[in-house]
Amino acid sequence: DGAICIQPCSPSFHGETSFVCEDRKWHMLSDACASLDVQSLFQVRMLLCTCFNIFFNTSLTSSCQADFSCIIPDILSSPAIPGNIADIVELLTKISLLLSENVTRGKMQSYSRIANHILNSSIISNWAFVKDRNAGSILLDSVNLFAGKLLLRNGSESIQEPFIATKGYSIHRNTSGKSFDFSMEFNSTGNITGNVVIPEEELLRLPRASKAISVAFPTLGAILETNQPDPAFVNGMVLSVSLPEELQNILLTFEKLNKLEQAGARCVGWHSAERRWDPRACEVRAHTAAAVVCVCAHRRRTYRSFSILMAPATPRSSVLDLITRVGLGLSLFSLVLCLVIEAVVWHHVTKTEITYMRHFCLVNIAASLLVADLLFILAAIVHNTALNYQLCVAATFFLHFFYLALFFWMFTLGLLILYGLLFIFFKITRSVFLAAAFSIGYGCPLVISILTVAITEPKNGYLRSGACWLNWYETKALLAFVVPALSIIVMNLIVVLVVVVKTGRSSVGEGCKSQDLSSMIRVSKNVALLTPLLGLTWGFGLATIIDSRSLAFHVVFALLNAFQGFFILLFGTLLDRK
C-alpha cells in the first residue's frame, strides 16, 4: 500500500502516467500523457505570422497575430485528456502574462474558445487526474487577469461560449447601478443563471469613469472541488468580477444547480493566494429553494471570484425532525427540573463532604448540558437564517466549551470516586475541592476551546461547512472535542472497574467508612450509567460524520443526544433514594 508506479505513455503521446497501490489494486494518481505540444505550437505559429508580416511589409493585420486564432484548430481537434488539459492551462497562463496588452474582442473570443474546450461539462472528470492539483485555480486566475484587460467598444462588450461567458460595461458615478445577467448551459439537462449587481451607492465612490468586467463559469466549481478536502460542493456557477479598487461590495445571485438540496448554503469567495473557498468574503442576503443572494467583498488581490457552497445531503425525515424537537424539549425540561430538585433538597443531601462534592458535580454537569442545549438551538437558528460568520464562530466556541465542560465534570466525578476509595486516610477541605473541581471542570475546557479557535480560525478551518460546529475535513478541529470526550469516557469506565474490584473485597476494617463507602457506590452508579450513554451518544455522533448519509446513525444519535438531559435527571436525581 502506498507504492507508486510510473508508466510511460503510448507512442503517439508524450509524458507519463502515475499509479498508486491501494488495497492491493493499482489506482490512477495522475495522467500527464499529452498529444499536444502547445507551447512550441504557439511559438512556431506566432513566428510564422511575424515573418509573414515582415516579408510582405504589412501592418499587424493578420488574424493570427491579432488574436492568435491560428492555434485554435489544433487545440479544438485534440482530445481533452488530463495531459492536454494541463498543457492548455499552461498555454492560457502564458497568453495572460505575455499577450494581455490591448485585449480586443477577437483576442477574448479566441481565448474563450480555448478555455471552453477544457471547461466542457462532459470532460470534468478528467481534471481529477491532472498532475498539478492547482490547475483549476491557475486557470481561474489566468482568465481573470486576461478578461480584466478587455477593451470595451461603445461602452459594452459581450462574448459567450457554452462554458465561459464574459461581459463588460463602462461605469461612472452617475450610473444608476449596473447588472450583469448570465444564462448558460451547464449540462445536457438545461441552463443555469447568475447575476452580478453593482449597487448605486457603490458607484458613487468612483472618482472617474471606469469599466466593470464579469466572467461566468458554469462548470468551474466542480473542477475546483477536486482539490478540496471539504465535502461541501459548489451548487452554482462561479462568477468573477474585475472592478475598480474603489468599489468594495457587490450583490450576486446564484441559481442553485441542485434545487432539491435542503442543507444551508454558504456564500464564498475564492481566495486566490490560498487557493480555497473562503466564507469570510461574503454573507448570505437571501436564501430560497431555487437561489441564493450574496453580498460579497471585492478585493483585487484576494477575492475576485464567488459562488455558493452546499453541504452534502444529510438524510432528512419527519421522524428525525420529530425526535430532535421532542427530545431536545424534554432534555431542557429535565435539566431545569433536575436543577430545581437539587436546589430544594440541597441541605438534606449534602451533609457529608462526599455527598456535597457529588451533588456539586451533578449540578455542574446539568448546568453545562443545559447551556449547551440552548447554544445548540442558537447555532441552528444562526445557520438556518442569513449566516453571520462571526456569530457562528462565537456559538461554536461556547458550544464546544460547554460540551467539553459536561465531560470534564464527569471526569471530576470519576476522580471523586478514586479519592473516596483509594485515599481513605487523606482528607481534602471543601475549598481545595472546589478550586480543583473548577480548574478541571471549566479550566481545561476553556484552554482547549481557546487553543482550538486560535490555531484553526486564522486558516479559516474552525467551522465545518453546513453547520455552526467544529471543522472535520480540512483541519480536524473536531478532534479537540472527540479526543478529550472519548478519553474521559474510557477513564471513567476504568474507574467503574476499580469500584467493582474494591467493593468486592471490602474488609471489616473499613466499617468506619461505611457511610462514605455507600456514598461512593451511589456516585459510581451515576458514573456507571451515564458514562456509557454519553460514550454511545458521541460515538454515533462521530459515525454520522464518517457516513453522513446513513439515516440509522442520524436517528440513533438524535435519540441519544436529545435525551441526554433526561438521562441525567433519571440516573443522577430521580433514582437516588435520598
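Every residue gets a Cβ built from N, Cα and C, even glycine.
Fair warning: this is a prediction, and the values are worked out from it, not measured in the lab.
The domain 'GAIN-B' annotation in TrEMBL covers 172-316. Annotated domain 'G-protein coupled receptors family 2 profile 2' per TrEMBL: 320-576, in sequence order. TrEMBL lists 326-349, 361-381, 401-425, 432-455, 478-501, 527-546, 552-575 with the feature transmembrane segment.
Here the domain 'GAIN-B' (172-316) has, by DSSP, the following mix of helix, strand and coil residues: 13 helix, 72 strand, 60 coil.
Counted as Cβ pairs under 8 Å, contacts with the transmembrane segment (401-425) are highest for 361-381 among 326-349, 361-381, 552-575. For the transmembrane segment (361-381), the residues of the chain that approach it from at least six positions outside its boundaries are 328, 331-332, 335-336, 338-339, 342, 392, 395-396, 398-399, 402-403, 405-406, 409-410, 412-413, 416, 437, 441, 467-469, 526, 564-565, 568-569, 572-573, judged by C-beta separation under 8 angstroms. Averaged across the domain 'GAIN-B' (172-316), pLDDT in this predicted model comes to 81.
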